[in-house]
Amino acid sequence: MESDRTSSPSSPKGWGVNFSTPRNFVVKFRSKCKETFFPDDPFKPISQEPNGLIKTKKTLEYFVPIFEWLPKYNLQKLWYDLLAGVTITSLAVPQGISYANLASIPPIIGLYSSFVPPFVYAMLGSSNTLAVGTVAACSLLISETFGEDLLKKDPNLYLHLIFTSTFITGVFQFALGFFRLGILVDFLSHSTITGFMGGTAIIILLQQLKGVFGIVHFTHKTDVVSVLHALFTHRDEWKWQSALAGLCFLIFLQSTRYIKKIKPKLFWVSAMGPMVVVLVGCLVAYLVKGTEHGIQTVGPLKKGLNPPSIQYLTFDAKYLPLVFKAGIVTGLIAMAEGIAIGRSFAVMKNEQTDGNKEMIAFGLMNIIGSFTSCYLTTGPFSKTAVNYNAGTKTPMSNVVMGICMMLVLLFLAPLFSYTPLVGLSAIIMSAMLGLIDYEEMYHLFKVDKFDFLVCMSAFFGVSFLSMDYGLIISVGLSVVRALLYVARPSTCKLGRIQNSVMFRDIEQYPGAEEMAGYVILQLGSPIFFANSTYIRERILRWIRDEHEVVEFLFLDLSGVSSIDMTGMETLLEVRRILGPKGIKMVIINPRFEVLEKMMLSHFVEKIGKEYVFLSIDEAVQSCQFNLSTAKPEPCS
């Protein structure tokens, strides 16, 4: 290809544009796949190693992160991790029992779920701070998906289906991580997660009123209206003693949270609060023989480690739709929450986490968990925050928690059988009050009204309809917004900044000088079938709005990452429309992929290489030199 040309007296000259031979399909396809699935290029440092043994070692460290941090481990780190592990265990026991109660499964399953999964995550997880455990939102969503009728009809089948849905969750999460499809999680925007967690907190708070008031008969529906209706319909079951105990527990827990807020170094006070509630509740219930006085307790908890449950996985076609719905929806939410929390705390410690490694770790964690009597686990915010504040250094804190949970299961589990449900309700309510992020919602309202709408749609959808409908509505609005960005891309008119060669948006920089005879437009998105009509109409409108004679239309394609045949035909159509009016179209700085397509489709030949420039300033200089003699080109 010619790199330099003699300019025609009637046309501007293209300067420095690289019209190299387009790459072949295989090269472009490989490059595209690499950018899509491996944007961080994780294997480059490995491939650059000349030593085969070191290359193997680094490959193993990449896929199994424990081999990276364990050889560097020392006693100083162990001390911090030991403290953090014991601290989060004190939170894991009451939360495990409480969230299992939310999922309507035996409390011991909640304890099992904090024993096996932490060991798996410690081996495969990329976050040094994330603490593994069950979460309230997914626990309630599981219960809502399988329903009260199935629970009453066959409790064993209900539990087996939960194990099966956990297995499906694990396979789904592992597949996303293995095939590096973390892009799917991006559709759960920050606004969606904020609204979803807030709405979930509201309905979980209301559900706990059953335990606070000691009500026996209560609805399993989760919407606000149904819960409030059930609460006031069964006023005859309200027990003031239970309500008073619940209020005292809640005030105590909120006080510990307030202490942590004003004095962060006393984080352990808040972390130990739930365990204190459980121990005090157990002691009181045991001494006064609470069950004889109507105080509902957790019930028998057997000693022993997790029994195998692989034989209970049920793939009956009758229940598969429910299993897949519960597994995929809860898996997506748990994964998005866990990855977001891990990244948030990693930023605070100036560290990085790998989203795809996290998905693989979560997936294997849940697959192995489903084989060992565990239900869905991820990285809960409250436990991770405690782990961070306790000064954890590595994932070893999860190993410490797993060992502590093993000791609890082997020796202490029966002691927790006296735990009053009112105490668990208070623990859950205290945790949920921290999930309603009013400040973030207000921040969204101030910064971006559409983000606020997305957040509120999730919040009210979850609160008044159901968790899955709230999520669908919010994600749907987010997708609509993304489509609007694509279908209605931003375009702006550029002017020259005084005494410089820079051209900027005249709306953003009112002092920028518009150049007589020129319309310089910047396109800021891919040009393809979905937005080509809009782009054509917008360009022509810019031309119509000009009060002076236009000689040149400059299209700055620096921000156009790709273009399809419809997009190129649209630009040619604009050129044909403007040609009879004596207006020449000039292309500025097309990106590599865009220029390749323009060359392969003969677009460049049709408009002429002399009308493609590297920069706006070069194009302006050339056009100014030839403006008085320029003649319209014949239409293509």
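Backbone N, Cα and C atoms are what each Cβ position is placed from, and that goes for glycine too.
The helix, strand and coil residue counts that DSSP assigns across the domain 'STAS' (508-623) are 55 helix, 21 strand, 40 coil. What TrEMBL lists as domain 'STAS' is 508-623.
For 78-99 (among others), the entry in TrEMBL reads transmembrane segment. Same-chain neighbours of the transmembrane segment (78-99): 107, 110-111, 113-114, 131, 133-136, 139, 268, 271-272, 274-275, 277-278, 298, 380, 382-383, 386-387, 390-394, 396-401, 403-405, 408, 416, 419, 423-425, 427-428, 431, counting only residues six or more beyond its ends whose CB sits under 8 Å from a CB of the stretch.
According to TrEMBL, the transmembrane segment annotation covers 119-146 (among others). Proximity of distant same-chain residues to the transmembrane segment (119-146), defined by a Cβ-Cβ separation under 8 Å and at least 6 residues beyond the stretch ends, is recorded for 64-66, 69, 88, 92, 95-96, 98-100, 102-104, 110, 113, 158, 161-162, 165, 196-197, 200-201, 203-204, 207, 220-222, 322, 325-326, 329-330, 333-334, 337-338, 341-342, 345-346, 349, 351-354, 357-358, 360-362, 364-365, 368-369, 375-380, 383-384, 386-388, 392-399, 401-402, 428, 431-432, 435, 466-468.
Among the features that TrEMBL reports, transmembrane segment is placed at 158-181 (among others).
Per TrEMBL, the feature transmembrane segment maps to 187-206 (among others).
The transmembrane segment annotation in TrEMBL covers 266-288 (among others).
The transmembrane segment annotation in TrEMBL covers 322-347 (among others).
Feature annotation from TrEMBL assigns transmembrane segment to 359-378 (among others). Under 8 Å from some Cβ of the transmembrane segment (359-378) lie the Cβ atoms of residues 100, 103, 105, 109-110, 112-117, 120-121, 124-126, 132-135, 138-139, 142, 162-167, 169-178, 182, 185, 306-310, 313, 330-331, 334-335, 337-339, all in the same chain and six or more residues away from its ends.
Residues or ranges marked as transmembrane segment in TrEMBL: 398-416 (among others). Beyond the transmembrane segment (398-416), the same-chain residues lying 6 or more positions past its ends with a Cβ under 8 Å from any Cβ of the stretch are 81-82, 84-86, 88-89, 92-93, 97, 107-108, 111-112, 114-116, 118-119, 121-122, 125, 130-132, 278, 282, 298, 300-306.
Here TrEMBL flags 421-438 (among others) as transmembrane segment. Remote same-chain partners of the transmembrane segment (421-438), defined as residues 6 or more beyond its termini with a Cβ less than 8 Å from a stretch Cβ, comprise 94-95, 97-99, 101-102, 136, 194, 197-198, 200-202, 204-205, 208-212, 214, 242, 245-246, 249-250, 253-254, 257, 273-274, 277-278, 280-281, 295-298, 381-382.
Feature annotation from TrEMBL assigns transmembrane segment to 458-486 (among others).
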Long-range Cβ neighbours of the transmembrane segment (266-288) (under 8 Å; 6 or more residues past either end): 87-88, 90-91, 93-95, 97, 245, 249, 252-253, 256-257, 259-260, 295, 297, 386, 389-390, 415-416, 418-420, 422-424, 426-427, 430
Interface-richest range of 158-181, 187-206, 458-486 toward the transmembrane segment (322-347), CB pairs under 8 Å: 158-181
Residues of the parent chain within Cβ reach of the transmembrane segment (458-486), under 8 Å, 6 or more residues beyond its termini: 137, 140-141, 144-145, 187-189, 191-192, 194-196, 198-200, 202-203, 222-225, 325, 329, 333, 441, 450, 525-526, 530-531
For the transmembrane segment (187-206), distant same-chain residues with Cβ under 8 A (at least six beyond the ends): 102, 136-137, 140, 222-224, 227-228, 231, 332-333, 336-337, 340, 428-429, 432-433, 435-437, 440-441, 444, 451-452, 454-463, 467, 470-471, 474-475, 478-479
Cβ contacts under 8 Å made by the transmembrane segment (158-181) with residues that lie 6+ beyond its boundaries: 37-38, 103-106, 109, 142, 145-146, 150-151, 309, 312-315, 319, 322-324, 326-328, 330-332, 334-335, 355-371, 373-376
